[in-house]
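Have a look at the structure below before the remarks.
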Amino acid sequence: MARNRRQLSGPSITFLFLALLLHFDSGTSDLQLNYYSESCPRAEEIIKQQVVNLYHKHGNTAVSWIRNLFHDCMVKSCDASLLLVTANGVESEELSSRSFGMRNFKYVDTIKKAVESECPQTVSCADIVALSARDGFVLLGGPYIEMKTGRRDSKESYATMVEDSIPNHNDSMSLVLSRFESIGIDAEGTVALLGAHSVGRVHCVNIVNRLYPTVDPTLDPEHAEYLKRRCPSPEPDPKAVQYARNDLETPMVLDNMYYKNILSHKGLLLVDQQLVSDPTTSPFVEKMADDKGYFHDQFSRALLLLSENNPLTGDDGEIRKDCRYVNV
Ligand code: HEM
Ligand SMILES: *[C@@H]1O[C@H](CO)[C@@H](O)[C@H](O)[C@H]1NC(C)=O
C-alpha cells in the first residue's frame with residue numbers, strides 16, 4: 001500500500017495525467033495495425049487476393065495502385081477523395097490535368113465488391129487504396145510492408161486543391177521538395193518515392209516540352225531519338241494514346257533502375273532529371289542507384305509516411321458503400 005502510494009504521488013501523477021492528455025490529443029494517428037481484426041478479420045487477405053488476381057489479368061493495375069496512393073494521400077488526406085466521380089455537385093479530382101493518364105479505377109470497384117460481399121460497409125475505400133498499393137508493391141518486386149488501417153472516406157472531393165498539392169512534371173526541385181516536406185517527407189524519402197517512375201508510362205503531352213522545338217540538352221541524345229519516335233508530334237492529340245515507357249529494361253519491376261536511368265540522362269520528366277542535377281537530391285540518387293536494398297527501405301519508409309497523411313478516423317468521414325460516390 002505504502003509503496004503504491006509513493007509511486008503515484010506528486011510528479012508521477014502529473015506525468016500520468018499529461019500522458020493521458022497527450023494520448024487523447026494525438027488525433028492524427030488513430031490508425032492501427034489490424035484495425036479490422038474483429039469487424040472483418042479477412043479484409044486484408046481479401047484485398048490481397050483481389051490485387052493478385054487483377055495483376056494476373058491486367059499487370060498494370062499494380063502500377064496504378066502505387067500512383068493512386070500518391071494522388072489520394074498527397075491531396076489533403078488519405079481519404080479516397082481521389083475516387084469520387086463527378087456527380088451530385090461533386091467535381092472529380094480525376095478531371096485535373098495532374099491526374100492525366102490515371103487508369104484502372106474500375107478495378108478498385110472489383111476489390112471493393114469482394115470486400116463488401118464479406119463485410120458490408122465496414123472497410124473503407126481509403127484503406128483499399130492504401131492496402132492495394134502495399135500489395136501492388138510486392139507484385140512489382142518490392143518487400144512486404146506492414147501498414148496501419150482505420151482510415152475513413154471523405155464526404156467530399158478536393159478537386160480545387162489538386163494542382164496546389166501534386167507537383168507538375170516540369171516544376172522545380174525546390175517546389176517538389178517543399179510539397180513533400182509539408183507532409184513530413186524529407187528529401188531522402190522524396191527521392192525514394194519518385195523511384196515509382198521505375199514502372200509505368202508517360203504520355204507524350206508530358207514529354208514533348210523536352211523534345212520540341214529543340215531537344216533538352218540534359219537528355220541523352222539516343223534516348224531523345226527513341227522518345228521522338230514515340231512522340232512524333234510537338235502537339236500530341238490528347239485523345240491519342242501515345243506514350244513512352246519509363247524503364248525500357250524492367251518496365252514492370254519497381255527496382256532501382258530508375259536511378260541508373262536518370263544518372264545516364266534517360267529520365268522522361270523534367271522532375272526526374274532534376275533529381276540528378278539538384279545538389280540536395282543527387283547524393284541520394286547515387287546511393288539508390290548503387291543499392292537496391294537501401295532504395296527499397298527508403299521507399300517503404302516514405303510510402304508509409306505518405307499513407308498516414310492526415311487520415312480521417314473515429315467518427316469523421318464515412319465508410320462508403322460505393323467507392324465512386326458519397327453515401328446517400
Ligand atoms: C514530383 C512528383 C511527381 C510528379 C511531378 C509526377 C508526375 C507524373 C507524370 C506526369 C506521370 C505520367 C502520367 C501520364 O502521362 O500518363 C506519372 C506517372 C506515374 N507516377 Fe508520378 N509523379 C510524381 C511523383 C510520384 C510518386 C510519389 C508516385 C508514387 C509513389 C508516383 C507514381 C507514378 C506511377 C506509378 C506512374 C505510372 C502510371 C501508369 O503507368 O499508369 N509518382 N507521374
Ligand atoms: C510546364 O508544362 C506546362 C504544360 O504541362 C506548360 O503549360 C508550362 O508552361 C510549363 N512550365 C514551365 C515552367 O516550363
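Just so you know, the numbers here start at 1 and follow the chain as drawn.
Cβ coordinates are placed from backbone N, Cα and C, and glycine is handled just like the others.
Quick caveat, the model's predicted, so the values are computed rather than measured.
The feature active site, proton acceptor is assigned by TrEMBL to H71. Neighbour list (H71 (active site, proton acceptor), Cβ cut-off 8 Å, at least 6 residues apart, same chain): L82, E93, R98, S99, M102, V162, I166.
According to TrEMBL, the Ca(2+) 1 binding site annotation covers D72, V75, D79, S81, E93. When other Cβ atoms within 10 Å of the Cβ of E93 (Ca(2+) 1 binding site) are tallied across all protein chains shown, the result is 27. In the three-state DSSP scheme, E93 (Ca(2+) 1 binding site) falls into the helix class.
The annotation substrate binding site is assigned in TrEMBL to P167. A sphere of 10 angstroms centred on the C-beta of P167 (substrate binding site) encloses 20 other C-beta atoms.
The heme b binding site annotation in TrEMBL covers H197. H197 (heme b binding site) falls within a helix when secondary structure is assigned with DSSP.
Annotated Ca(2+) 2 binding site per TrEMBL: D247, T250, D255, in sequence order. Neighbour list (T250 (Ca(2+) 2 binding site), Cβ cut-off 8 Å, at least 6 residues apart, same chain): S198, M257.
Among the features that TrEMBL reports, disulfide bond is placed at C40-C119 (among others). Following the DSSP three-state reduction, the secondary structure of C119 (disulfide bond) is coil. The Cβ of C119 (disulfide bond) lies under 8 Å from the Cβ of Y36, S39, C40, A43, each of which sits 6+ residues away along the same chain.
What TrEMBL records for C73-C78 (among others) is disulfide bond. According to DSSP, C73 (disulfide bond) is assigned to a helical segment. Sequence-distant neighbours of C73 (disulfide bond): residues of the same chain at least 6 apart with a C-beta under 8 Å from its C-beta are A130, I183, L306, S307, N309.
For C125 (disulfide bond), the same-chain residues lying six or more positions away in sequence with a CB closer than 8 A to its CB are A80, L83, V108, K112, D153, R320, C323. The annotation disulfide bond is assigned in TrEMBL to C125-C323 (among others).
In sequence order, C204, I207, V208, L211, Q242, A244 are the residues of the chain that are 6 or more apart from C231 (disulfide bond) and have a CB within less than 8 Å of its CB. If you look up TrEMBL, you'll see C204-C231 (among others) marked as disulfide bond.
Look at TrEMBL and you will find 30-327 tagged as domain 'Plant heme peroxidase family profile'.
The signal peptide feature in TrEMBL is assigned to 1-29.
Separating the Cα atoms of V75 (Ca(2+) 1 binding site) and P167 (substrate binding site) is a whole-number distance of 11 Å. The Ca(2+) 1 site is set by D72, V75, D79, S81, E93; from the centre of their CB atoms, other residues of the chain with a CB within 8 Å are H71, C73, K76, S77, C78, A80, L82, L83, L84, S154, S157, Y158. Sequence-distant contacts of S81 (Ca(2+) 1 binding site), defined by Cβ-Cβ distance under 8 angstroms and a gap of at least six in the same chain, are D72, V75, E93, S154, E156, S157, Y158. Residues S198, V199, E249, P251, M252, V253, L254, N256, M257, Y258 surround the recorded Ca(2+) 2 site, their Cβ atoms falling within 8 Å of the Cβ centroid of D247, T250, D255, which are themselves excluded. Around H197 (heme b binding site), the C-beta neighbours below 8 angstroms that are at least 6 residues distant in the chain are N246, Y258, G267, L268, L269, D272. Here the disulfide-bonded residues are C40, C323, and the one whose Cβ sees the fewest other Cβ atoms within 10 Å is C40.
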